[in-house]
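Have a look at the structure below, then the notes.
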Amino acid sequence: MSLMNDPRPVSKKAGAKPVYGKNTPQFTKTVGEIVNALINAYKEGKKVNLLKIKTELAAKNSLSDQPKSVDIISAIPESYKNTLLPLLKAKPVRTASGIAVVAVMCKPHRCPHLAMTGNICVYCPGGPDSDFEYSTQSYTGYEPTSMRAIRARYNPFLQTRHRIDQLKRLGHNVEKVEFIIMGGTFMSLPSDYRDYFIRNLHDALSGHTSNNVAEAVKYSEQSNVKCVGITIETRPDHCLKLHLSNMLTYGCTRLEIGVQSVFEDIARDTNRGHTVRAVLESFQLAKDSGFKVVAHMMPDLPNMGMERDIYGFMEFFENPAFRADGLKIYPTLVIRGTGLYELWKTGTYKNYSPDSLVDLIAKVLALVPPWTRIYRIQRDIPMPLVTSGVEYGNLRELCLARMKDFGTKCRDVRTREVGIQEVHHKIKPDQVELIRRDYVANGGWETFLSFEDPKQDILIGLLRLRKCSETSFRPELKENCSIVRELHVYGSVVGIHNRDPTKFQHQGYGTLLMEEAERIAREEHGSIKLAVIAGVGTRHYYRKLGYELDGVYVSKYLG
């Protein structure tokens, strides 16, 4: 029995004061005293130093270790939970963007282009044939999401339930959930497995046992825990019309597409199994279907070099044929068992130095337009598994610090989000204005509407509006139509039926953005209909604004 779970007092030396672990009366007493101290501080309007309270009371009651936030949260009376949870919330950045992200993994399977090219990408770890054989393609099995998936034996229902319960115990509001389906190319799996997987994700939220995806979506729409979106990782060659239509029926609203490089020779040399031209076609098809598009890019690939890397990112941000809505930057890692590892061993390939990599990404972040969101700046592969490559676990932080040295600033969506600003810098917006930015991307006219505090450069909410192009293949979007691809109000999560004047959700920003989008669609686009790609759990919200279910979208005819 471990010290923490042993109810008996334990002392290392004879005559020493006894030390108590978990499951002892002393531990329970300490947790109760901490909760009482928090309640009293709240009643008296005092600021709380939680660490000091825990340290003092744990020492006073001779505990072997301080109580964790989970222990304290479980002891808070229901009447005080709304006021005290923000003080105890572990990792507040998890829900700072207004939603609780639940990452799940599909079962391990071989890469779809293996049959065509005879091999996987040179840098790719993981998969059934790799040194990490129980992992999914491009993962090692030691990432936090991978380990949760392996513990659940890749069961989607259990993965969802376990992660939601974990977030609840950490003090997060989980009424608005966004799924990210990871683990290789999900759309290359058999359709019956995909249906089983999606059905179980929705059933894990609603508690209903469904017979098919349509039934699961119907019950998920009425669930107390709302599925506000699903993100699917895919490749350009598995992002064609049939794939897109299937993903729309699943309730998918965002795609993560592996691009890795904007150069055809690099795509060929790294054995990607698709062309850059295929990337551009998939981007246009996806946006014309209403999806938000997030690209994966890899600096430091073989045969690139610093200047070519920077030029590649300039091309990505400035060329209208690319211009994704979001970006994940994954610097190249050398991992045992990959083709790149063999090149590294022979000296044919060498990574940038750690300082050079920080310089490169700092320069890239300065190029990011204000309508693009940088979701990640490095893989969460544990450092002991990395033979060569990124040597820091806090790469984003180091890059932002280097930008200060350069006198530049990152103005991407995530850096400016009100929730992130509040968590990291304790800054709140003062004067909020509606700001509009128009640009051309992927054969269409894009309008990026946002509520911002321009002086402090803080973003409260955004809307992405697109005039559907003539090449749109979805029947719902064939007539003269515009589509809202994203509506998001940031800040920490507020419950579906709750109001909190100190938060930014449910304060009317979303309605105002939709009204402006309707005006632009009617008066400037000349559209007769406005469609929205709405997450399954958000359809009720749009019904209140006069929208009705229209195939896989919700839409409204503009008078």
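Every residue gets a Cβ built from N, Cα and C, even glycine.
As the structure is a computational prediction, the values presented were derived from the model and not from experiment.
The domain 'Radical SAM core' annotation in Swiss-Prot covers 94-384 and rests on sequence analysis.
Long-range neighbours of CYS124 ([4Fe-4S] cluster binding site) (same chain, six or more residues apart, CB within less than 8 Å of its CB): CYS111, GLN137, SER138, THR338. Under the three-state DSSP scheme, CYS124 ([4Fe-4S] cluster binding site) falls in the coil class. Summarising the annotation, Swiss-Prot assigns [4Fe-4S] cluster binding site to CYS111, CYS121, CYS124.
The acetyl-CoA binding site feature in Swiss-Prot is assigned to LYS176, GLU486, LEU487, HIS488, VAL489, TYR509, GLY510, THR511, TYR542. Mapped onto three states, the DSSP output places VAL489 (acetyl-CoA binding site) in strand.
The domain 'N-acetyltransferase' annotation in Swiss-Prot covers 408-559 and rests on sequence analysis.
Neighbours of LEU487 (acetyl-CoA binding site), defined as other CB atoms within 10 A of its CB across all chains, total 24. CYS111 ([4Fe-4S] cluster binding site): 24 other CB atoms within 10 A of its CB, across all protein chains. Same-chain residues that are not part of CYS111, CYS121, CYS124 yet have a Cβ within 8 Å of the Cβ center of the [4Fe-4S] cluster site turn out to be HIS113, ILE120, VAL122, TYR123, GLY127, GLN137, SER138, ASN271. Classification of TYR542 (acetyl-CoA binding site) by DSSP places it within a helix. Long-range neighbours of TYR542 (acetyl-CoA binding site) (same chain, six or more residues apart, CB within less than 8 Å of its CB): VAL532, ALA534, VAL554.
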